[in-house]
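Engineer: The structure that follows is given in the form of structure tokens.
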């Protein structure tokens, strides 16, 4: 059986949580490999709704091992709050079903402070971060001054790390008009949580390789979306990690050959949270309708999402970069009742045609979508579980998307319920 990597192929919020949950029933191990608690998943299982932002989606299923890899930045206090919330909903979480890489960097309160201070100082030029310290935590990782999970096990090491970290942050805070960090208070907080966090710590790279050798089925769960990738996203309006499929290997300690099937999650229209270019954005009644019908509010921030028509150019681009083998098309039911649907097939920039999104921010800002119109459908697709349940025009819409993005549909989702899914290609099959 192939291991499967799940990545968002747009700006996030594509419905990865449901798809990962649907796939996790057949996986043995579900691993997060990048990001932090800045992206949320909403899972609907029976009559229960679970909202996750850091824990892998598979944590809600019994008999699965949930893994937080070294590519993640971990806020321990948010982790414990999420564990407590799920425990109150009847989910059992212990070292028997949750493992955290020893070399995972920690998000500390000072990272969140810096995130907010910078956004306030930027004013109208702000990036639109969630303010949860993700970016500053990754900066410290690359700057070789981060505190990692394993550092909590030795006070001498922790003190050395704190000295280096605070020398940097106090200088930044002074420039932003903020008071120095209370070292004693931060140290006490870290020592307080150390035993609780260290119980989950493991050499994830070794355990994952052992799982692979034993033939365990591994599901790699990406966060955010490919268009928020630090290298290939709409820079600088991006996240601070690599969101493409290749990160599944380096973010857990498995080699690239461990990746079998890459599944890109794609919404049947387009949404975005925060600032940045969005060529197909709709500021009219159609955009309002998409937002209302799709319940487009962020799981983590509660912010209203910007909505627009499906952008085949962007999805083709991200599928190529991540090596997507098949997509899971979600929220098709949101398009029920539209008389006419539009798909972006290219851009016009200063009279020149583009079949991809240009890298230069100045060109991205001027990109005008070139649309292809398709006839909509009035019948309901909600809850469809086979092609026979879909209106003819809905099938035409799906097939046209496949042609334009040059990638087949492997799964089709027609409601938040996990079983309302049409399987075309089994991602776990060799």
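Backbone N, Cα and C atoms are what each Cβ position is placed from, and that goes for glycine too.
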Engineer: From 303, 316, 385, grab the residue that Swiss-Prot records in the same IMP site as 13, 14, 15, 16, 38, 39, 40, 41, 130, 144, 224, 239.
Structural biologist: 303
Engineer: Can you check what DSSP calls residue 18 (GTP binding site), collapsed to helix, strand or coil?
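Structural biologist: It is helical.
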Engineer: Give the distance between the Cα atoms of residue 305 (substrate binding site) and residue 414 (GTP binding site), rounded to the nearest whole Å.
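Structural biologist: If we compare the Cα positions of residue 305 (substrate binding site) and residue 414 (GTP binding site), the gap is 20 Å.
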Engineer: Using Cβ-Cβ distances, find the residues under 8 Å from residue 12 (GTP binding site) that belong to the same chain and are at least 6 apart in sequence, listing them in sequence order.
Structural biologist: 39, 223, 224, 225, 227, 228, 273
Engineer: Considering Cα atoms only, can you say which of 13, 18, 332, 414 is the nearest neighbour of residue 303 (IMP binding site) among these recorded positions?
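Structural biologist: Nearest in space to residue 303 (IMP binding site), counting only the recorded positions, is 13.
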Engineer: Give me the Cα-Cα distance between residue 332 (GTP binding site) and residue 130 (IMP binding site), rounded to a whole Å.
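Structural biologist: Here the two Cα atoms are 28 Å apart.
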